[in-house]
Amino acid sequence: MGEWTILERLLEAAVQQHSTMIGRILLTVVVIFRILIVAIVGETVYDDEQTMFVCNTLQPGCNQACYDRAFPISHIRYWVFQIIMVCTPSLCFITYSVHQSAKQRERRYSTVFLALDRDPAESIGGPGGTGGGGSGGSKREDKKLQNAIVNGVLQNTETTSKETEPDCLEVKELAPHPSGLRTAARSKLRRQEGISRFYIIQVVFRNALEIGFLVGQYFLYGFSVPGLYECNRYPCIKEVECYVSRPTEKTVFLVFMFAVSGICVVLNLAELNHLGWRKIKLAVRGAQAKRKSVYEIRNKDLPRVSVPNFGRTQSSDSAYV
């Protein structure tokens, strides 16, 4: 149960930051109606799945062969695999968004430190720092020059007059640089566009996986679990009858998982409609345009090799004029 709790927390981390309202409803459906029910109820229902699959024969290996024929993949294992695969696009989106946030934080800190180191004398002295005249002004300026910048804070480093003057801290105020603000705004806009594009892509992949597992579940099990299964598979000598434990309960559980998968598909389509098919097309075209621009830049940066022309040169005496 601890593994499911970790997966639930990871999904909540992605949804709380970047998901839409429909995405949050979808997370509730996935967490409550899939993870919790499969982890708690499913293990109880399918605990004796193979041990209680009994065939009316004493032929060695016949029970195992017929069980493999009736259930190529156990219901509970199929649903666990479905949950993991369907949640994989969301986990990839979490990794991408966390990576982009870390990069944005590093850029912001580097911009602040560059601004701090650009003109420390001006920030320490400041306009009017030498004003006041006389010995009093020079003393104040000497004290300011003895301050040091530590992470954007001016800290007094004077050691000779500790008894007479207490340490003082002066917060350095940075004037916003117009070009820096424009660069930060552009980088933030690019980051938001990248995150939105990746979110749309993961919703599309998640919906494709939902539909694939829904179709696979239908072809593997149908809509019901029969109580009696007839089998003539080797090594059974003749056709034997096998009995499945709790067929009605398993049928209800199977139909319930069909309904949950159908609801997830509908919610994914509704989220894509909410995001807008036009935005999805623009996101795909934006990715293609970005790849094209990178290709053009690379071709432009490649050195051009001039090939000498060894053909005939035209002149007034040439016969080809």
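In case you wondered, yes, glycine gets a Cβ from its N, Cα and C as well.
The record in Swiss-Prot shows differing topological domain names for Asp47 and Gly276, meaning opposite sides of the membrane.
Residues 45-46, 48-49, 52-57, 59-63, 65-67, 69-71, 75, 258 of the same chain lie 6 or more positions beyond the ends of the topological domain 'Extracellular' (221-252) yet place their CB under 8 Å from a CB of it. Taking H, G and I as helix, E and B as strand and the rest as coil, DSSP gives the topological domain 'Extracellular' (43-75) the counts 13 helix, 2 strand, 18 coil.
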